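**Student:** First, the structure itself, so that you have it in front of you.
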Amino acid sequence: ESEEKYRTIIESTEEGYFEIDLAGNLTFFNESLCKISGYSQGELKGMNYRDYATPETAERMYQVFNEIYRTKKPARVMDYEVVRKDGSAIVLGMSASLIQDATGEPIGFRGVVRDVTERKRAEEALRASEERYRTVLEANPDPVVVYDMDGKLIYFNPAFTEVFGWPLEERLGKKMDLFVPEENWPETRMMIEKMLAGVGFSGIETRRYTKEGETIPVSISGSTYRDGDGNPVGSVNTLRNISEHKRLEVQLQRAQKMEAIGTLAGGVAHDLNNILSGLVSYPELLLMEIPQDSRLRRPILTIQNSGEKAAAIVQDLLTLARRGVATTEAVNLNHVISEYLHSPEYEKLELYHPEVQLKTNLETNLLPILGSPVHLSKTIMNLVSNAAEAMIDGGTILVSTENRYVDRPIRGYDHVKEGDYVTFTISDAGVGIPHKDIEKIFEPFYTKKVMGRSGTGLGMAVVWGTVKDHKGYIDVQSSEGKGTTFTLYFPITRKKLDRDTSQLSMEEYRGKGESVLVVDDVEEQREIAYELLSRLGYSTTTVSSGKEAVEYMKSNSADLLVLDMIMDPGIDGLETYKRILKLHPGQKAIIVSGFSETKRVKEAQKLGAGSYVKKPYTLNKLG
């Protein structure tokens with residue numbers, strides 16, 4: 001009765017039940033095994049397990065049965081691939097144990113099998129899907145982090161390790177609280193609350209620590225992932241490193257600020273240039289009339305020097321306006337440095353800072369750059385002055401030049417593009433620049449130097465403007481209490497160095513009655529030009545506008561036109577020159593302006609205008 005009950009239970013179960021002898025031949029099985037295998041009872045009777053198993057499965061099953069026989073312990077459930085009668089492959093989950101007779105002698109094996117093919121396929125599909133997603137995550141250039149609902153780390157991709165420094169095995173299963181700067185917890189808590197509520201978020205800007213303690217600005221987007229029942233089980237977060245974006249943002253703001261200040265400075269400088277012309281030009285005329293032993297010479301020279309100093313400040317303002325480089329030529333920066341170190345300005349600096357030494361390390365075969373020696377010298381002077389001021393207790397300033405090829409962009413204070421450069425580097429061991437001030441150092445009138453001795457606060461702004469006018473770049477490295485290093489990058493030129501030209505004597509400037517027409521909208525400028533040219537022996541006529549000049553030239557001629565480029569209101573120097581050329585083809589002219597060579601100046605020169613003269617007027621310039 002017990003045996004019959006046992007058999008009934010076996011027949012009613014959905015799992016396949018089998019018994020085999022020690023040789024592996026089936027001695028008993030239930031109907032479910034027939035359904036699973038596709039064989040009838042008559043076909044299965046006496047079959048060996050090897051008959052419906054793949055060679056690999058048969059070997060694995062043999063090893064399991066052998067282990068059961070040896071240890072007399074049941075085998076855990078394992079998956080095996082077998083072949084049905086119709087030739088299709090299925091996967092069976094099988095558990096088995098030893099059959100013993102009354103004396104305890106092994107006589108065979110019994111087991112239970114379940115068709116797990118669908119489950120196995122689902123697992124394989126899931127594994128393949130996970131592998132695809134893992135491949136996508138690992139190929140993602142942005143760091144990706146996966147957390148569970150407790151905030152413990154489940155996974156992060158290689159990009160996370162590359163950006164933040166932690167290897168996965170070091171943080172797996174742990175929270176990342178040390179990853180978040182204290183001041184960035186408010187927005188972080190907001191993101192956590194959204195994640196717990198099952199709500200995604202995108203583009204939240206915050207900051208995160210690297211393993212080394214560096215702070216990186218990031219933009220975080222996250223979404224909740226759910227289990228099969230739709231319950232939130234964790235979150236996937238993408239962190240985009242926006243350091244470069246922030247750097248460019250700061251650079252753009254800096255450029256816009258400098259442009260706004262430059263526009264203002266340019267407008268002021270234009271007016272100041274006209275005002276200063278009298279202070280610079282008339283003393284020169286007066287000195288020509290006054291005897292060498294006159295007591296008036298000294299105060300007049302003082303007026304002239306003051307005017308020239310004021311004109312130099314105007315040039316600084318024009319540099320800020322990005323209109324300051326009047327002419328460019330092939331320049332050896334070593335020569336500019338050498339000339340500055342033998343200049344009165346440097347001698348004055350040595351007098352103020354006797355405890356400061358300057359050493360040079362200049363590249364022997366330095367390549368030329370295209371630039372303005374005057375502005376480059378001013379830049380060097382400003383940087384050396386700054387370095388000396390920074391070393392309160394004295395020390396050594398190191399100035400060096402180098403030919404340098406930048407094979408990949410340098411992302412420092414400035415973004416240096418690939419290319420060939422001449423670099424000018426100046427290092428001091430001074431007080432350094434506080435991190436909070438590093439972005440301000442090139443702003444006009446920002447200074448921590450001694451006012452009255454060190455200038456107007458325009459020095460570093462001039463450095464910035466000059467470097468940009470030369471299509472160059474600046475890098476700054478500074479550490480408080482240790483010193484500062486400025487590196488200037490100037491693109492090289494293949495032009496040959498210009499030969500030195502000696503200044504002509506006054507007699508060589510003199511004319512022989514040639515006619516000159518001066519066209520300028522400012523009365524004082526016309527008067528100064530008239531006086532200077534007349535003294536030099538030219539027959540000079542002046543008019544106050546381009547329209548007047550055209551009318552004059554309809555019935556007259558001139559050996560030379562002196563054309564102010566900017567005249568308001570009315571037509572400018574270029575348009576005036578174009579109209580006069582129609583009346584007098586080949587007409588000679590020079591262009592005059594308080595600004596530098598603009599596109600319109602260069603266009604006039606292409607039409608035939610000669611050299612460009614920058615205000616204020618002097619005998620040397622007009623001669």
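Note that Cβ sites are derived from N, Cα and C of the backbone, with glycine treated the same way.
From TrEMBL, for reference:
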type	residues	note
DOMAIN	2-72	domain 'PAS'
DOMAIN	76-128	domain 'PAC'
DOMAIN	129-183	domain 'PAS'
DOMAIN	202-254	domain 'PAC'
DOMAIN	267-494	domain 'Histidine kinase'
DOMAIN	515-623	domain 'Response regulatory'
MOD_RES	ASP564	4-aspartylphosphate
**Student:** Across all the protein chains here, work out how many other Cβ atoms are within 10 Å of the Cβ of the residue listed as '4-aspartylphosphate'.
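**Tutor:** If we count other Cβ atoms within 10 Å of the residue listed as '4-aspartylphosphate', we arrive at 26.
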**Student:** Determine how many residues of the domain 'PAS' (2-72) DSSP places in helix, in strand and in coil.
**Tutor:** 42 helix, 13 strand, 16 coil
**Student:** Please work out the mean pLDDT for the residues of the domain 'Response regulatory' (515-623).
**Tutor:** 85
**Student:** Pull the DSSP breakdown for the domain 'Response regulatory' (515-623) and write it out as helix, strand, coil residue counts.
**Tutor:** 47 helix, 23 strand, 39 coil
**Student:** I'd like the per-state residue tally for the domain 'PAC' (202-254) from DSSP, helix first, then strand, then coil.
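**Tutor:** Summed by class, the stretch gives 12 helix, 30 strand, 11 coil.
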**Student:** How many of the residues that make up the domain 'PAS' (129-183) does DSSP mark as helix, as strand and as coil?
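**Tutor:** For that range the per-state counts are 27 helix, 11 strand, 17 coil.
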**Student:** How does the domain 'PAC' (76-128) divide up by DSSP, counting helix, then strand, then coil residues?
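**Tutor:** Residue counts in helix, strand and coil order: 12 helix, 30 strand, 11 coil.
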